[in-house]
Ligand SMILES: Nc1ncnc2c1ncn2[C@@H]1O[C@H](COP(=O)(O)OP(=O)(O)OP(=O)(O)O)[C@@H](O)[C@H]1O
């Protein structure tokens, strides 16, 4: 990690202050590239408002709003600001709800028209519950609230409803815009490239209507929009200030040259070229390293990857490149989780949870990647940590866990009875450690049978319902289920979505129970961030000393990305050409932004490995290509690695 020294305000910070201090308020856009400390600038801007106008604004019962992308980011910004009632820091959804909540009559009218639309789109059976919801709207006592899922009959709006409703209301009701501007005379938006375009437009509309009395500031980097729903580059009115934050405090010189070159080719560069931010007292320029390797996609790519890491170790005199390390020292970035699973060896688990399709398949995939799905949690939160404690011969921790986890211990109040039980529990725990060892040959079903049958853990009710459908689990019928872990209220689930969920879960559970238990250990370490592999999308916002980016189009199933097209090694398709002509987002451009995000994570050394079916042709083309982000001398082929000793 870069050291945190005393931070002087940058030129961009000064420009932001000027905008904030002006007597006539105006909008502004801050374009800040990777590693520029854009959140630092945003927090500084908020603090500045606090110092200059805080008391007056609070006296008028007004607040400054800061909108950011995730709950984690909200907490981080709140932490940095310390508790100050002047600031309302929230995600976009909470902000929109806060704005509209007092206007229950507006919500009622909007819902009326939305429900009518929903009825019109459905046949009689599927529309019946909306007819009921419409009738409920006649109840003057019905109060509307915001929940994670929609349930119009109960007056609950979900995330997406709020996101649709409030911008629409702001556009329709001029009064609402005026009230927002009075209540929040300044709204600052972090990560604006990922903000929903409807929200951006609504804020722009408020600014236009209330010009001079309302300040909206967008902080972001259009080059780092890697999710499809974001606004990207914010269109600024000509009265607005456009501020570019040029410094990059993270990347060493050679890495910076690479990312600047990637950026320069993009229409989303925001006309920004980054320069290395120089910390006070820093004497020598830190050049770091940035290398590109072009290798064959045929044969054992893992062996070649090891050679690359050994080569870097030797060339950079840096053992950490070749040693498997944990944490921030080294990250290997793949395009898809599937590719990490392939390399690390948990493909069966991956296949069980990564089904194609939207609906519940998408939710299952997300929860698998986050490690939060109820079917995986017995392993991730309970069984693997218990086995790790047993493996480390940490009896005290293991016993403490069993006290918490085992229904057998929980039911005993009597000390003697508990003591009598311990040897049996110890044996059961030891057997669990054997069958869930890294070299275990049994299946997930076998481990669950033992863990549940011997009462080491309690049973999740959703898991119970599924296990009962599988052979050898009839004994779970008699087991009591965990309290407080009941299935979430399915809320607005329709018949179709229930059926979809049933099918997806059934398929996933059958495959999951048949998975080798040893793969769960690897998946556990992966999800917990203990292994060097991570996805290119997953590292946004993070930084690591050594970053190795894998470009392997041949192995990827995701045709939305193509590194070979980006690097000019593969022809564009007819639809790419059409999209380029129509100024729509297209594969090479989407790939460029992801490549920029990936490469800009390195604080010390960057290596990119391209696996291609024509390594010789690609090597020559890239060395001759003036647009290649890496200088010719830093583009290596198999010959460069040949002299390296292969790993034992
Ligand atoms: N003014 C500054 N002086 C010195 N170091 C800074 C300054 N601002 C940020 N940094 C450091 O620079 C690095 C990058 O900052 P940060 O991660 O906040 O950037 P960012 O704009 O969010 O980057 P990205 O968009 O790539 O995620 C961090 O290590 C941070 O501590």
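Yeah, the Cβs are placed from backbone N, Cα and C, and that goes for glycine too.
Annotations in TrEMBL come from automatic prediction, not curation.
Feature list (source: TrEMBL):
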DOMAIN    11-266  domain 'UvrD-like helicase ATP-binding'
BINDING   32, 33, 34, 35, 36, 37, 38, 39  ATP binding site
Shell of the ATP site beyond 32, 33, 34, 35, 36, 37, 38, 39, same chain only (C-beta within 8 angstroms of their C-beta centre): 41, 221, 245, 247, 248, 249
Spatial neighbours of residue 35 (ATP binding site) that are distant in sequence (at least 6 apart) but have CB under 8 A: 248, 249, 250, 251, 274, 543, 600
Of 33, 35, 38, binding-site residues neighbouring ligand 1, Cβ under 6 A: 35, 38
Nonlocal neighbours by CB distance (under 8 Å) for residue 36 (ATP binding site), same chain, sequence gap 6 or more: 221, 245, 246, 247, 248, 249, 274, 277
Number of other Cβ atoms within 10 Å of the Cβ of residue 33 (ATP binding site) across all protein chains: 29
Other C-beta atoms that fall within 10 angstroms of the C-beta of residue 39 (ATP binding site): 18
Integer mean pLDDT for the domain 'UvrD-like helicase ATP-binding' (11-266): 92
Residues satisfying Cβ distance under 8 Å from residue 32 (ATP binding site), sequence separation of at least 6: 12, 38, 41, 219, 220, 221, 244, 245
